[in-house]
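Presented below is the structure to which this report refers.
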Amino acid sequence: MATSTNSREFLIFICVLTLLVVRSEARLVPMLFSTKEKVMNSKFGLREVINDVRNSEWLRKRALLGGKPERVSPGGPDAQHH
């Protein structure tokens, strides 16, 4: 009887352990070892740096012009034109 109980407990332990390992691999491994995610994060970071540089250049040009916009919008439609 003791041998049957021990083997049954061992079998249940192995099943539970297997389920835990499969569950943890499904969640943790893609996050830890995904090179695609790292590449996407590096591209996003590079894009943010480029946008910051562009914005700083635009702000510098605008400050040099005294805060005036570079282009002037037209006054509107011509009254003589239909």
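Backbone N, Cα and C define each Cβ position, glycine as well.
Look at Swiss-Prot and you will find 1-26 tagged as signal peptide, backed by sequence analysis.
For PRO74 (among others), the entry in Swiss-Prot reads hydroxyproline.
All protein chains included, PRO77 (hydroxyproline) registers 8 other Cβ atoms within 10 Å of its own Cβ. Secondary structure at PRO77 (hydroxyproline), taken from DSSP and collapsed to helix, strand or coil, is coil. The annotation hydroxyproline is assigned in Swiss-Prot to PRO77 (among others) on the grounds of similarity to another entry.
Residues annotated as O-linked glycosylation site in Swiss-Prot: PRO77.
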